[in-house]
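Heads up: the structure comes next, in structure tokens.
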Amino acid sequence: MSKEKFARTKPHCNVGTIGHVDHGKTSLTAAITKVLAEAGGATFQAYDQIDKAPEERARGITISTAHVEYETEARHYAHVDCPGHADYVKNMITGAAQMDGAILVVSAADGPMPQTREHILLARQVGVPALVVFLNKCDMVDDEELLELVELEVRELLTSYDFPGDDIPIVKGSALAALEDSDPKLGHDAILELMKAVDDYIPQPERPKDKPFLMPIEDVFSISGRGTVVTGRVERGIVKVGEEIEIIGIRDTQKTTCTGVEMFRKLLDQGEAGDNIGALLRGTKRDDVERGQVLAKPGSITPHTKFKCEAYILTKEEGGRHTPFFSNYRPQFYFRTTDVTGTIELPEGTEMVMPGDNIGMTVQLIAPIAMDEGLRFAIREGGRTVGAGVVASIVQ
């Protein structure tokens with residue numbers, strides 16, 4: 001009998017596996033689908049099905065990502081797994097595959113390695129809200145004390161990057177044992193324990209519709225006798241006719257009232273996350289608004305010109321720069337719908353940035369942009385993308 005499609009009645013959550021190369025991220029992904037398939041919550045996907053991940057493009061960057069889906073009693077999950085380290089870096093920075101939480105895979109035989117650190121740092125910088133740890137390959141370690149040492153080391157590492165290292169669930173097991181049905185305790189049972197930890201510890205993300213209203217302005221029209229209409233896709237929240245909203249970014253913040261919402265030439269009483277709408281603004285002149293500003297719920301987001309970010313710089317092969325850049329490099333930063341020029345300040349001790357690097361840096365824009373932590377952007381030179389970034393913290 002063929003399985004029916006997943007019912008979308010359960011709350012949905014996006015997760016992904018992160019960690020050092022060869023610590024078992026893809027094997028774990030396969031093992032989760034295998035164990036959950038027994039309960040009817042997934043379709044088993046073997047290692048090689050997941051490993052040959054298709055390429056996709058996000059913000060002008062090609063990334064290989066494998067997507068699998070499965071469900072537990074509690075939730076429906078979309079799970080991303082990347083074949084190579086560079087794909088992880090690109091994925092996390094561009095937000096191509098949103099992660100509401102991540103499963104950090106650490107080999108018990110090796111302990112934390114350089115990419116373990118780097119992925120934890122990236123998770124912190126791009127705002128992954130919660131991590132759960134799977135200590136893999138425990139069947140290769142006979143010494144209980146060694147396992148405890150590795151666990152301690154992982155907890156200390158997490159704490160050093162501002163994650164709650166003492167509280168994060170760490171599940172010991174073996175993805176291979178689950179795939180080969182060799183040791184039920186380290187295999188099957190450990191996977192179920194891990195999924196229970198993911199269910200309980202990774203918070204349910206707030207739906208875009210429940211967040212405060214925000215719409216990036218794409219176009220501005222003036223309609224005789226009616227006033228000024230701005231169009232765009234509502235990014236989050238709901239706007240109701242008659243509500244006061246703010247126009248933020250590029251210029252001084254203005255207050256206005258939304259006197260009409262139009263979609264597909266029909267008048268509506270509200271627009272919500274995902275809708276492409278035209279919003280009629282009371283008393284706003286055509287020249288008072290421009291592409292690149294946002295409409296937002298008053299007080300929910302503020303304009304800023306200086307921020308710290310994490311960025312990935314494209315290689316020459318990816319269509320990026322052929323040469324490194326230095327402090328005071330001035331490209332354009334493309335936020336939502338517009339480019340703003342900004343100056344880059346590299347961290348102390350970093351002389352230059354090579355194509356293919358990922359780097360934390362500070363940016364000073366020439367005009368303010370409505371931003372909060374986690375906002376994604378592209379770095380461009382004369383219209384071509386040379387990098388991608390995410391706001392890690394706001395300076396001013």
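In case you wondered, yes, glycine gets a Cβ from its N, Cα and C as well.
Remember, predicted model here, so these are calculated numbers, not experimental data.
For 19-26, 81-85, 136-139, the entry in Swiss-Prot reads GTP binding site. The secondary structure of T26 (Mg(2+) binding site), as reduced to three states from DSSP, is helical. Counting only residues at least six positions away in the same chain, the Cβ atoms of T17, Y47, I50, D51, A66, D81, P83 sit under 8 Å from the Cβ of T26 (Mg(2+) binding site).
Summarising the annotation, Swiss-Prot assigns Mg(2+) binding site to T26.
Summarising the annotation, Swiss-Prot assigns domain 'tr-type G' to 10-206. Summarising model confidence by region, the domain 'tr-type G' (10-206) averages a pLDDT of 93.
Residues or ranges marked as region 'G1' in Swiss-Prot: 19-26. Beyond the ends of the region 'G1' (19-26), by six or more residues, the same chain brings 47, 50-51, 66, 81, 83-85, 104-107, 110, 112-116, 119, 136-137, 175-176 to within a C-beta distance below 8 angstroms of the stretch.
Annotation comment: Swiss-Prot describes 60-64 as region 'G2'. According to DSSP, the secondary structure content of the region 'G2' (60-64) in residues is 0 helix, 4 strand, 1 coil.
Among the features that Swiss-Prot reports, region 'G3' is placed at 81-84. Here the region 'G3' (81-84) has long-range neighbours at 16-17, 21, 25-26, 29, 50-53, 63-66, 68, 91, meaning same-chain residues at least 6 beyond its ends whose C-beta is under 8 angstroms from one of its own.
Among the features that Swiss-Prot reports, region 'G4' is placed at 136-139, with the record citing similarity to another entry. Residues 23-24, 27-28, 105-109, 147, 172-177, 182-183, 186, 190 of the same chain sit 6 or more residues outside the region 'G4' (136-139) yet have a Cβ under 8 Å from a Cβ within it.
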The region 'G3' (81-84): DSSP-derived helix, strand, coil residue counts: 0 helix, 1 strand, 3 coil
Number of helical, extended and coil residues in the region 'G4' (136-139), per DSSP: 2 helix, 1 strand, 1 coil
Listed in sequence order, residues with CB under 8 A of C82 (GTP binding site) and six or more positions away: G16, A53, I63, S64, T65, A66, Y88, N91
